[in-house]
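> Here it is: the structure, laid out below.
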Amino acid sequence: MRSVEILGLAALGSLVAAAPSPSRVSNSAKKASSCTFTSAAQASKSASGCSEITLDNIAVPAGETLDLSHVDDGTTIIFEGTTSFGYKEWKGPLIQFAGTGITVKQNTGAVIDGDGSRWWDGKGTNGGKTKPKFMYAHKLRDSTITGLSIKNTPVQAISVQATNLQLTDITIDNSDGDENGGHNTDAFDIGESNGVYIRGAVVKNQDDCIAINSGENIEFSGGSCSGGHGLSIGSVGGRDNNIVKNVTITDSTISDSDNGVRIKTIYDATGSVGDVTYSNIKLSNIAKYGIVIEQDYENGSPTGTPTTGVPITGLTIDGITGSVASNAVQVYILCGDGSCSDWTWKGVDLTGGKKSSKCENVPSGASC
């Protein structure tokens, strides 16, 4: 009987010894090796478990997304060579990221080429072909996207919905669209975000260099923007989130664009724009407005009738200098009655163009 007990205990001991340690399995999973993928399907399905992912000359099939929204937290994603996309009329996105502690970058000489001319028809998102949005940086937290070279997006380039996201030294070159029907090629569209920092961007496009529709604690600095619609807040209003606050846009240049500095809010909507600073912005060859602030947008166009539901308060305009084209307006302000207040306005020095005779409800201290 005694020998049976001993044998039983020995057998039990061997089973316990053979059982894997949960902590060791967990740690080994976290330390998975680098992975290189040559197809979008591989990358989208097999990225989990890789601490570093290299995307080597990926050709994304038509109508599919290079989906990197399920990578492990802390993953580094590296673009290598040319990333390209098949043609199909659909809404996209062509690429998407999500996660915590994610780093996205590229190796020297890499390019992410949307080949947007296949979709461009001069209508953008307002009709014609259905065009895919390019990149979703959604549900990213404590992450970095750096050094990407992006070319010829079909429409909007990078859509941001994130918390504490750094976007540094990104080039978005849609200049081919100037003569080939590029439209609505916004570079950075930001919504429902807290802590977005865009530094050193170089943008050539046919729409906003940056458009902040909602969010707080947002910074754009050291940027160079040309060909588009300028540095924009809005349109604000008519969405689930209609609050913009604590935004700094500074130390940047805007050239050969429709507008320089722009804030626009939606007619008869509600929301707020507060504590926004534009400082040290250099303008050159601005075609329509050097500075334009209006509370009258409806269906994508100004109505000429401002409303008061989205007040603009705590605005600082400081050091906006340079030139506008001969037919352009230096400054245009169209506010509702009492809905623009507590503004600081200094160092505005624009040449060329003309002054507006249609400004309304200009707040104390501002000049139109």
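Note: Cβ is positioned from N, Cα and C throughout, glycine not excepted.
Since we're looking at a predicted model, the values are computed, not measured.
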> Test of record reading: of N246, N299, which one does Swiss-Prot tag as N-linked glycosylation site?
N246
> May I have the DSSP-based helix, strand and coil counts for the residues of the repeat 'PbH1 1' (162-192)?
4 helix, 13 strand, 14 coil
> Check the disulfide-bonded residues C50, C209, C225 for other C-beta atoms within 10 angstroms of each C-beta and report the one with the most.
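In terms of Cβ crowding, the pick is C209.
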> How many Å separate the Cα atoms of C340 (disulfide bond) and C35 (disulfide bond)?
53
> I'd like to know which of the recorded positions C35, C50, D207, C209, C359, C368 sit within 10 A of C335 (disulfide bond) at the Cα level.
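Taking C35, C50, D207, C209, C359, C368 one by one, the ones whose Cα falls within 10 Å of C335 (disulfide bond) are C359.
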> Which of the recorded positions listed here (C50, H229, C359, C368) have a Cα atom within 10 Å of the Cα of C209 (disulfide bond)?
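Among C50, H229, C359, C368, the ones whose Cα sits within 10 Å of that of C209 (disulfide bond) are H229.
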